[in-house]
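A quick write-up on the structure given underneath.
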């Protein structure tokens, strides 16, 4: 027998090594694409953020007594403020490519203010709209102080320094997955245009790059523009072809491309300005309720900031930078209150998902998108054209973006020990309760017209019902509490929860990569050091 050696032992398969920064990102936070490409990508971010910008005022303004003219002006104002706040956040706040726009978190508290009995004595609907708007402004101005104080004082830094990858997973995951109700349910409101948009954007972004191998990332990077234009034209052909003539009013509002009423109502040129609706009014109960909504938005935005940093291929956010970003988000809520946007501000989850879809996490791209927001908010008629995109088209895009953000949260599991029963309990229990508790609160509200906590003080009801209706808030707070109280001082457990990796980035000083990503521009660090 030739050769007496034993057969070579088969090589054991190895798990994928953890990655501190997400690989395969084409352009990271500090590496902008060429200007023509950056402008198109910025326009994509503008199109995506229009969904929330249009849907929230379109829902709230009619309840306040406003018509199409008031609705168009509020949308212009919200768009203008979103552009301004996005620039402030990317230049002086977290310095991440995060879009700061309207937030659904503030809607329940806003509705409570709309339904307050003290406005029922106003017969003129436009005057009633202005009175309610001024009350919302006052509550937002007061509520902004919470994030401003927590952020700039460094208190939020002291909270987030106890975060670990294990406690981040439920928070970030449910920031994305928790918005499932705005995904396919929105598509189904007009399935003949929503479903083609969903199928087309998946095909163009995921399959076309492998079918047409041009090497230029055209289809995956600009899938939103391609598919929105195609389906928008298709929806308009259905509208002018009479496909919805005689249909129910609800169907026509969701499907037709000529029922938004924004183009005719919007002025050609208008610059939003502070106190355009009059001097804000203040009510202590409403201010406390809005402050709780602001705290919920703070927790949700913390998860969104972490997702954005991941998809921008930046190093994990140091607590000091996260606290600075929260402080500037408080300033954003203050600006929203001063201008009268009918809504508070937070990190746009859908735009965080767009970073993942395009694999472009450049700060410059988001700053260009802020320019588009300000430009089209001033040129009202032109901006109203894009704001008239049917909502099911935007909802189809949400299905991808929210899924990407949720998956971004799951990616932090690579730093945890998934064979630990402690890890399994904290992860499973927090995610399950984060889904189950808000489901109970939302079902109860849908059936009864009010939340489980129903007292004579509407503001107190909101203080309890609003946070417990947020999936990310419930899951994030529960995971944070369990992770920091359940045998956490054990040295082995410290590694199980990924804390040994997370603590490397507790301070960005001395880390050249973090300094590059998060340091303030124009040598402002020496005047405004990180909190």
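Note that Cβ sites are derived from N, Cα and C of the backbone, with glycine treated the same way.
What TrEMBL says about a protein is an automatic prediction, not a curated fact.
Here TrEMBL gives transmembrane segment for one range in the set 119-137, 138-156, 252-270: that range is 138-156. Remark: the transmembrane segment (462-482) contacts the transmembrane segment (98-117), by the rule of 3 or more CB pairs under 8 A.
Between the transmembrane segment (162-183) and the stretches 74-92, 138-156, 365-387, 393-413, 425-442, the greatest number of Cβ pairs separated by less than 8 Å involves 393-413. The stretch from 138-156, 190-209, 221-244 with the most CB pairs below 8 A to the transmembrane segment (393-413) is 190-209. Contact between the transmembrane segment (74-92) and the transmembrane segment (221-244) does not hold: fewer than three of their C-beta pairs are under 8 Å, each pair 6 or more apart in sequence. Note on the transmembrane segment (43-62): residues 70-71, 74-75, 78-79, 82, 99, 101-104, 107, 110-111, 114, 129, 222, 224-225, 228, 260, 262, 342-343, 348, 350-351, 354, 358, 365-366, 368-369, 372-373, 376, 386-387, 389, 391, 394-395, 397-398, 401 of its chain, located 6 or more positions outside it, place their CB under 8 angstroms from a CB of the stretch. Long-range Cβ contacts of the transmembrane segment (221-244) within its own chain (Cβ-Cβ under 8 Å, at least 6 residues beyond either end) map to 26, 37, 40-41, 43-44, 47-48, 192-193, 196-197, 200-201, 204-205, 208, 251-252, 255-258, 354, 357-360, 389-390, 393, 397. Beyond its flanks by at least six residues, the transmembrane segment (190-209) meets 184, 217, 219-220, 223-224, 226-228, 230-231, 234-235, 238, 251, 254-255, 357, 390, 392-393, 395-397, 399-400 of its own chain at Cβ-Cβ distances under 8 Å.
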